[in-house]
Amino acid sequence: MTEAPLAQPPSDFRHEPSSRGTQPIVQSLLKVRGLNAWYGESHALHGVDLDIAAGETVTLLGRNGVGKTTTLRAIMGILPKRTGSVRLNGREMIGTPLHKVAAAGLGFVPEERGIFASLTVEENLTLPPVVAKGGFTVEELYALFPNLKERRRSAGTQLSGGEQQMLAIARVLRTGVTLLLLDEPTEGLAPVIVDRIGEIILEMKRRGMTVLLVEQNFRFASRVADRFYVMDHGQIVDGFAAAELPGRMDRLKEALGV
Amino acid sequence: MTMVFGVPVQALLGQLLVGLINGSFYALLSLGLAIIFGLLRIINFAHGAQYMLGAFVAYLLLAYAGIGYWGALILAPLIVGLAGAAIERLALSRLYDLDPLYGLLFTFGLALAIEGSFRYVYGSAGQPYAVPQALTGARNLGFMVLPNYRGWVVVASLAVCIATWLAIEKTKFGAYLRAATENPTLVRAFGVNVPLLLTFTYGLGAALAGLAGVMAAPIYQVSPLMGSNIIIVVFAVVVVGGMGSILGAVVTGYMLGLCEGLTKVFYPEASNIVIFVIMAIVLLIRPAGLFGRTA
C-alpha cells in the first residue's frame, strides 16, 4: 500500500500499433503474470499474463470454455488453487485471504449475479462493506437505478434479470473499489437493458474506475472497451487497442466462432 | 366440571401449559441448532451437551462462586458460547472442506466426551438447583395454578426467540449471516470476514443452548444426561421445521411442545412418540420441512 502513485499510461497508447497485449503499458494498476489455476484436478489457466492501467476498460474475448470467467475468479481469489502473480497497485494478491481482497480495491460482479434471495434489494445493495472513499452513495445509485429504489423492500431475487444485474453492479459501485471485475453483464438481457448497462460502464469510466470485462456480446464490448485481450486454451493469445478493432473483425470472428 | 371431548378443561389447559413450557426449551434449542446448520452446514450433535453445560455452569457458579441464578443467566451462556467459539476455531473450522459427515461425527464425539466426563465426576443423578427467590411461589390463573418460575420460562424464552429472530432479520449482522448462509464465498469476496462470522455464529448457537440449560436447571435438575434426553426431540423439531429455517425452528418448537401436551391428555401412551410420528409424516409429505425451502 506504500507504492508510489501510478503514472498514467501515455494518452496515445491506444493508437499505438503494439499488438501483443501482454506488455503494452509501462505501469499497471493490475499486473497478472504466469497465472495458473485449477478446478480440482483440472488445469484451467495456463500462464495468463495481462496488464490493466488505471482508468482503462479492458475486455476479455474468447470462445466458451477458454478460461475467461476462470481468469476473473482466479484474479479475485475465489478460485483458491492458483499460482503465479496477481499484483494490484504493486501488492501481491496471491496469498491474501479472500476477505481482504476487497479492501485492496478489487470488486467482483459474478456471472450468476449473486443476488441474495433472503435479503431485500436495499440489504443486497448495502451488504458489501465500503472499503474506500469515492464510491457512489446510495442516493446516487438510486438516481442511477430508479427501479431499484422503487423495489428496495422486495426480496432481491424478485427483481427481473436486468434489474438483478443492475443491483449486482450497483452493489459493488457503493464500496469504492478501484478495479471492477465484471463477468458477462449483458448475458440473456434485452437490448434496451444492455444499452443501459453500457451507459453505466461509461459513467464508471468517467469516474475513473477501472474495469476488466468478460463479454460475449461483441457490439456491446466494442462500445465500452479501450482495449481487448483474446483468450484461448487458458492463455492470452492476442491483445489490441479498440482503434484496431475494425481491421481485425474478420480474423476475430473466425477466432471467436461468431 | 366443564368437559371438552370427554376431558376436563382443567386437565387440558394444564397439559397445554406443560406443553408450552417444554416447547419453550425445544424452541430455544432448535433455534441455535438451525442457526448453526444454516451457516456452517454442520449438524451440531454437541448441542445437547452445550445445554447441559449451561445448567452445570450455573450449578458450579452457585456452588463455588456464590453467583446465583440471575448472574448465571448472563455468565453461563457467555462461558458456553466462548467455549463453543474456541471449539469452532480449533477443530470445526478444519472440517469445512471435508464431507459434512466429519462435522457430525466430531460434534457427536465431543458430546459423548463432555457428557462422559460430567457423568464420571457427578454421577447420573441430578443435582438440585433452587428456583430464584423472586420467582418462587405460584399464581392462580383460575383454571390452574401456575408456578411463577414456569411462567417466567415461557415469557423469557419467547422474548429471546423474538430478539434473536429480529437480530437476524433486521440488523446488518443478520444480513451478513443470511447472505453468508446463501453464498459464503461471495460474501467473503465483498470483504466480510466470513471465517470470523462462522466462529461467532457457532458461539451464538452454543450460548443459546447454554441459556436454555440455565433456565432448565430449576425445573429438570442439573444432570449430565439432561442434554441427551432432550436433544433427540430437538432434532425432530428442526427436521419438521425445515433444516436451517430460523422461523421454522421456533414456531415448530412451540407447536410440537403443545402437540405433546395435547397427546398427554387424550392418549398418554403416545405422548413420547407423537413428535416422531409427526416428523415421519412431514418427511413423507414435505421432505424440506414445514418452513424449509426446497432447493
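The backbone N, Cα and C atoms fix where each Cβ goes, and this holds for glycine too.
Fair warning: this is a prediction, and the values are worked out from it, not measured in the lab.
What TrEMBL says about this protein:
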- B:12-39: transmembrane segment (TRANSMEM)
- B:51-67: transmembrane segment (TRANSMEM)
- B:101-122: transmembrane segment (TRANSMEM)
- B:149-168: transmembrane segment (TRANSMEM)
- B:189-218: transmembrane segment (TRANSMEM)
- B:230-258: transmembrane segment (TRANSMEM)
- B:270-289: transmembrane segment (TRANSMEM)
CB contact flag for the transmembrane segment (B:12-39) and the transmembrane segment (B:101-122), at least three pairs under 8 A: no
Per Cβ pairs under 8 Å, the stretch of B:51-67, B:149-168, B:270-289 packing most closely against the transmembrane segment (B:101-122): B:51-67
CB contact flag for the transmembrane segment (B:189-218) and the transmembrane segment (B:270-289), at least three pairs under 8 A: no
Contact set, same chain, for the transmembrane segment (B:149-168): CB under 8 Å, 6 or more residues outside the stretch: 17, 20-21, 24-25, 27-28, 31, 35, 131-132, 135-136, 139, 174, 177-178, 208, 211-212, 215, 218-219, 246-247, 250
Chain residues outside the transmembrane segment (B:270-289) and at least six past its termini with a C-beta under 8 angstroms from it: 233, 236-237, 239-243, 245, 248, 252, 256, 259-260, 263-264, 295
